[in-house]
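Engineer: Take a look at the following structure, please.
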Amino acid sequence: MVIDDPIERIMQDSAWADGLRGIAAIYVAASHLTLCFGRQYIPPCCDEGVTTPRLFQRPILRLIASGHSWVAIFFVLLGFVNALKPIKQARSGNSDAALVGLSTAAFRRSFRLVLPASVATIISWTLCQLGAYEISRNSAAYWLYTNTPAPSASWSGAIVDLVQALLATWRLGDNNEYDQPQWALIHLLQGSIMLFFVLLATVQLTPLWRNITIFLCALWSWSWSDHIKDPLVGYTVFGGILLAELSILPQLVNVVTYPFVTSVLSPIFVLMGIIFMSFPTSNADSAAWSATLKALFTSSFPKSTHFALARLIGSTGALMLCFAILISPPMRRALSAKPLRWLGKLSFPIYLLHGTVMRTVLAWFVFAGQPLKEFQLEQPEADRDTVYRYAEPGRIRITFGVLLMGAVTLYASHVWANNLEPIFGKITAWAEDKMKRQPDGPLLGARSPRGPPSPIHRQGKQG
């Protein structure tokens, strides 16, 4: 059906999620660069003897140091995008097709997480064993030297280390030493499983009772998160599903035509959202704004959420930001611009590859040829309390290194998306053909639709 009303057309298009996802991937990489060269911006205020915070310690500007909040955006969009189609089908009375689609999408999503992560780990492991990470490991950049392993003692030991790293990505509480950002992937898989089961259980309910059930699951998930110490996956994913329900309401098109909604309400939620997302992971009491947020959330939310207060506040901000975009056609249109959609297409490769590029291209450009300098160990060891590292150069060299690293990451991600993603798709399709039972006729009265091509990317045209 052709939609003539431009407002209705933009409100039914979920391409904005691609743009926001691409921005989130860039900010996650920026947070790691901040940990390399700008650790002074991690707390909200201030150096000893100083009462005025630096410019990039202030709310909103300090989003470059708030990687935890941008990861929360991934979880919100996971719930939002992947719930859109089954909820639309359920609301139109085609719950059988929704059930079949959920099954197919869940199967494919697992493969489209595991395959790229494994290849990225193998690439990083190879570079490490060949000595390409040695400058990074011995540099003065905090994120680099804390997340760069030494080569294994032997090739047989290296194989064992590779297997351990491949498994570590999918074990709660473990860490893939060759690609630290992969810590989030098990939680993306966890979020996909949560989404699958909650929609499986509620797809045949009325919209009212489905929303009530999902809301209660979001509250209940705080207890799960406290037990397994996850990054509040249920809170963000279930929140994303509720946003998907909201976006499908036909009344929303009429609501967003009111100037108050787009000119006042949406900007207020954007401002509140990005301030919440600016909440620091440490030293929150050192600035009035973050201390106020800490007191507010500590008194308003149950104790089961206090173990990850920064993630709770950042995740709430991420939900508020997505809600603000949802009710604002201008912001939807801006985030649907072609450059941002292209960036969104590359978001998963950027997330997987930026750490490897930082430990090679960035480290080589910035630290090669730098003199070794003695540094105090942050945690002194039994036999030493200092270590020699390559000294940090001037800001101009670091700036050019960051620009080079960004360009190489984007190019590598573009090559990955165009050449490797289709291979992963073919492997997934082959596995689906071999592993899934093919019914003789239509299953549950509906053909199985094609599922999403990637767990982080927007899964096709959803609206």
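A Cβ is built for glycine as well, from the same backbone N, Cα and C atoms used for every other residue.
Features from TrEMBL:
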type: DOMAIN; residues: 15-371; note: domain 'Acyltransferase 3'
type: REGION; residues: 438-463; note: region 'Disordered'
type: TRANSMEM; residues: 60-81; note: transmembrane segment
type: TRANSMEM; residues: 113-133; note: transmembrane segment
type: TRANSMEM; residues: 153-172; note: transmembrane segment
type: TRANSMEM; residues: 184-202; note: transmembrane segment
type: TRANSMEM; residues: 232-252; note: transmembrane segment
type: TRANSMEM; residues: 258-279; note: transmembrane segment
type: TRANSMEM; residues: 308-328; note: transmembrane segment
type: TRANSMEM; residues: 348-367; note: transmembrane segment
type: TRANSMEM; residues: 398-417; note: transmembrane segment
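Describe the structural context of these features.
Structural biologist: Sequence-distant contacts of the transmembrane segment (153-172) (same chain, at least 6 residues past either end, Cβ-Cβ under 8 Å): 114, 117-118, 121-122, 125, 129, 178-179, 182-183, 185-186, 189, 228, 230.
Within its own chain, the transmembrane segment (232-252) has Cβ neighbours under 8 Å at 11, 14, 72, 75-81, 83-84, 87-88, 91, 187, 190-191, 194-195, 198-199, 207, 210-211, 214-215, 217-218, 220-222, 224-225, 305, 308, 311-312, 315, 318-319, 322-323, 326-327, 463, counting only residues six or more beyond its boundaries.
Panel annotation: around the transmembrane segment (258-279), residues 44, 59-60, 62-63, 66, 69-70, 72, 289-290, 293-294, 309-310, 313-314, 316-325, 327-331 of the same chain, lying at least six beyond its termini, place a Cβ under 8 Å from a Cβ of the stretch.
For the transmembrane segment (348-367), the list of distant contacts is 22, 25-26, 28-29, 32-33, 36, 116-117, 120, 123-124, 127, 132-133, 135-136, 139-141, 143-144, 147-148, 179-182, 184, 390, 392-393, 397-398, 400-402, 404-405, 408-410, 412-414, 416-417, 421, 454-457: same-chain residues at least six beyond its ends, Cβ to Cβ under 8 Å.
Taking Cβ pairs closer than 8 Å, the transmembrane segment (398-417) reaches residues 29, 33, 37, 116, 345-346, 349-350, 352-354, 357-358, 361-362, 365-366, 392 in its own chain, all 6 or more past its ends.
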Engineer: Give the nonlocal contacts of the transmembrane segment (184-202) in its own chain as ranges (CB under 8 Å, at least six residues past its ends).
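Structural biologist: Contacts of the transmembrane segment (184-202) (Cβ under 8 Å, skipping residues fewer than 6 from its ends): 71, 74-75, 78-79, 82-83, 86-87, 98-99, 102, 105-106, 109-110, 113, 117, 169-172, 209-210, 213-214, 217, 221, 230-231, 233-234, 236-238, 241, 351, 455-456.
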Engineer: With a Cβ cut-off under 8 Å, give me the same-chain residues at least six positions beyond the ends of the transmembrane segment (60-81) that come close to it.
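Structural biologist: Same-chain residues near the transmembrane segment (60-81) but 6 or more away: 14, 17, 20-21, 24-25, 27-28, 30-35, 38, 41-42, 44, 184, 187-188, 191-192, 195, 231-233, 236-241, 243-244, 247, 274-281, 310-311, 314-315, 317-319, 321-322, 452, 455-456, 458-459, 462.
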Engineer: What residues in the same chain, six or more past the boundaries of the transmembrane segment (113-133), come closer than 8 Å to it by Cβ-Cβ distance?
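Structural biologist: Same-chain residues near the transmembrane segment (113-133) but 6 or more away: 148-152, 155, 158, 161-162, 165-166, 169-170, 176, 178-179, 182, 185, 188-189, 192, 348-349, 352-353, 355-356, 359-360, 363, 416, 420-421, 424, 427-428, 455.
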